[in-house]
Amino acid sequence: MDRIEILSNHFNNELISNPTLATNQNNNQNNNNQINNNIVTTNILNNLEQKKLTNKDLEYLTDLLIGHPDELLRSQREKIVEALKDPIFQPQLYASIPEQRELAQKRLLKISEAQCLKLSEVISNYKRFSMFHGLLVYSDMSLAVKSAVHWGLFGASIVCLGSEQHRKYYDAIDNCEIRGCFALTELGHGSNVRGVETIAEYDPEQRQFVIHTPSDTAQKIWIGNAAIYATYATVFANLHLNGQDYGLHPFMVPLRDPKTMQLLPGITAADNGPKIGLNGVDNGRLWFKQVRIPKENILNKFGDVSDDGTYSTPIKNPNVRFNSMLEALIGGRVSVSNMANSCSKMGLSIAVHYACTRRQFGPSGQKEQLLMEYPSHQRRLIPLIASAYAYQISINYITSKFQNKTEKDARDVFMLACGFKAAVTWNRVKTLQTCREACGGMGLAASNRIGLLRADSDVDLTYEGDNTVLMQAVAKALLVEFRSYFTGSKRITGMLSYTYSKGHIGIFLRNKNFFTKRLSSETHLMDADMLLDAFIYREFKLLRILIKSLRDKMKSDKMTSLQAWNHCSDLIQQLSLAYVERVTIEKFLEEIQQSPPSTKPILTSLCILYELTKIEEDMGWFLSNKYFAPVKAQAIRNAINKVCYSLRDHALPLVKAFDIPSQFINTPIQGDWVSHFSNPNNY
C-alpha cells in the first residue's frame, strides 16, 4: 500500500495535470490513430431497417467473433466440432451426480483421444486453446471446466512454471494418462494467496521435498478433479530450507496410483459434495501428511533448490517473484472470459429463437404478435446481443495479446485479463437470467438448458480470482499508470496512452459546454465517438476522485494506506468497470474500421447500443457529475428504444452468426416446439 501513499502525496488539492504535456497531447492528437467518426451516418437506423444481412455478411460476422481465424485455426475448429458430434456429448438430463461425474470424465477422455490440444502449444497457440474451451461450453459446462482444470491450470502450470526437465510429462497429460488438478486454494485462504499455509521442506540427504498440511485450515479445498479422478496435483506450498521460509512455490505431487486409483501414502482426499451446479466436476479437499516427492518435482522456473539445499532464483525480489509466478498463469482468466461469453451466446441463441416464433397477445381477431415485436422484449434481449459482440471482440484482442505477449506489455495483459474476467462473467449472469425470464415457463425446463447453464456457470464469478478482488487489482494498476504518466518516472503502457492522447483537456472543456450537455438530436446520439468521450471522461474523473479521496483519508483522517484503500472500495469498483467498458468500446470501434462496408452499419449500431446501454446503467453518475443534462438522459433512453427497434429483424441472424455447432442447437424452443410438446413422451 506504500505506492498508494506515494501517489496520493504527489498530487495537489486540485490534482492539476501537467498543462504543457496535456496541451502537447491535445495539439498532436490528429497525428494519432483516432476512431473515424464518419463511420456513423445520420440515417443509420433507416439503413438497418431496409437492409438484410447476406450470407456473406453473416460469414464475416462469424469470422469476426472467432477472431478472424487463419486456415489452420479454422481447420482446428472444424476438427473440434467434428469430435463433439459423438453421441456421448449429447445432454443427459436425468443423470445422478455420480453419473454426471462419470459422464464428464468419459467425455474428457474422448476429447483427449481426438488430440485436439497439445500442451506444448498451450501458450504459442493459445487462440486454439481458448476457442476449444469456448466450444466445449456448448456441450457441457462440467466438461469445459474439467478440461480447463486439466490442461489450462494443471497442464499450464507445468508449462509456465516448470522447465525443460518437465517436458517429459506433456504427452502423458495430453492423453490423460496423467490426470491433473490445481491445488492452491485452502480452507483458510482463497484470494489471499500469500496466506497459504502448506509447507514443502527440503531433505538434502534424500534429495526429496516433504509436503505437509500443518493445520486444518491448510487443507486444499474446492480443487476440481481432486475428489475422484486426479492422479497428480500442482500443489502450492511454502518452501522451507534450513529453517528459512522462501515463500510460495509450486510442486508436482502424485495423488493416486494410476492403475488402481488408490490414494498414495500420506494423501487424504474428501469430496466437497453436491453443488448448486457443475456437478460433473468432482471438487475435493486434500491433506498431505509428510508426503515425500523427488527433488525434480519442484516447478522451478522462478525458484530452484540444489542437491545440497541451496536456493537459487532468476528474480531476487521475493515480491516480484511471487507476482511473476502468478501472472504466468493469467491465461486462465482469459479462458474463463471466453467460456462465460459462450454461455451468454448460448442463452441468447435459445431466447432469440423462441422470441422469433412464440406469439402472445395482439389485436382482436388478428394473429397474435411475436414476442420479438414487443419493445419490452427487444429491450431485454437486443442490448445483450450487443454486449456479447462487444465483449467477444475484446476477448479476441486479449487472447491475441496474451499469445504474443512480451515483457513490455505484461502489465497490460494482466489488467485486461483481470478486468474482463470480472466484467464478462457479471454480464453472463445478467444475460442468462434475462434469457431465462424472457422464455417464461419454458426457461425453467432443463431441456431448454438456460437454467442449467446458469447454475453450472455460476462458479466463474469466484474461481480464477474473486471478481471484486480482481477489480481491486485493476484499480491499483491504473493508479500506477496514472502516476507514471504525469511524473514521467516510467513510460506509460498501452492501455492508458490512448485515453490521454485523445486529448483529455478537450473532453473536460466539452463537458462544460452547455449546448453539448443538452444536445439530444438523433445524429448526435448516434455518434459513437461522441459517446466514447463520455466513457473517457468518466474513467479519467474517477481516477482523479479516487486519488484525492485516498490522499484526504490518509492526511486529514490519519488513516493508514490500507484503511484508506478499503474505505474507497466503491470508487475502486466503479473505476475498474469504467476502464473495462472504455477499452471494450475502443476495440469495438477499431474492429468496425477494418470491417467491409456492408457490415459497418450493423456493427456500428451494436457498438452504439452497447455505449448507450452502459451510459443508461450509470446515468446517475453522469447526471450527478453534470456531464449530461436531464433532457439528454431522456433522449438516450429514447435512442436505445429506437436502436433496438431497428435491430429487431436482425436479432436472429446476429445470433446465428455465433456459429454454435448445429448438434447443440437442440433445445425444444430453438425449433418446432409445438410439434415437440405435442408428443406426450417429450419434455
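Please read every residue number as a count from 1 along the shown chain.
Including glycine, each Cβ sits where the backbone N, Cα and C put it.
Just so you know, TrEMBL annotations never went through curation; they're auto-generated.
Residues annotated as domain 'Acyl-CoA oxidase/dehydrogenase middle' in TrEMBL: 181-291.
Summarising the annotation, TrEMBL assigns FAD binding site to THR185, GLY224. Within 10 Å of the Cβ of THR185 (FAD binding site) there are 19 other Cβ atoms, across all protein chains.
Annotation comment: TrEMBL describes 328-479 as domain 'Acyl-CoA oxidase C-alpha1'.
When Cβ atoms from all protein chains are considered, those within 10 Å of GLU464 (active site, proton acceptor) total 25, not counting its own. For GLU464, the entry in TrEMBL reads active site, proton acceptor.
Per TrEMBL, the feature domain 'Acyl-CoA oxidase C-terminal' maps to 529-669.
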C-beta crowding around GLY224 (FAD binding site), within 10 angstroms: 27
Average pLDDT across the domain 'Acyl-CoA oxidase C-alpha1' (328-479), rounded to a whole number: 94
Secondary structure tally of the domain 'Acyl-CoA oxidase C-terminal' (529-669) (DSSP, helix then strand then coil): 116 helix, 0 strand, 25 coil
Residues in the domain 'Acyl-CoA oxidase/dehydrogenase middle' (181-291) grouped by DSSP into helix, strand and remaining coil: 6 helix, 52 strand, 53 coil
Inter-residue C-alpha distance, GLU464 (active site, proton acceptor) and THR185 (FAD binding site) (nearest angstrom): 10
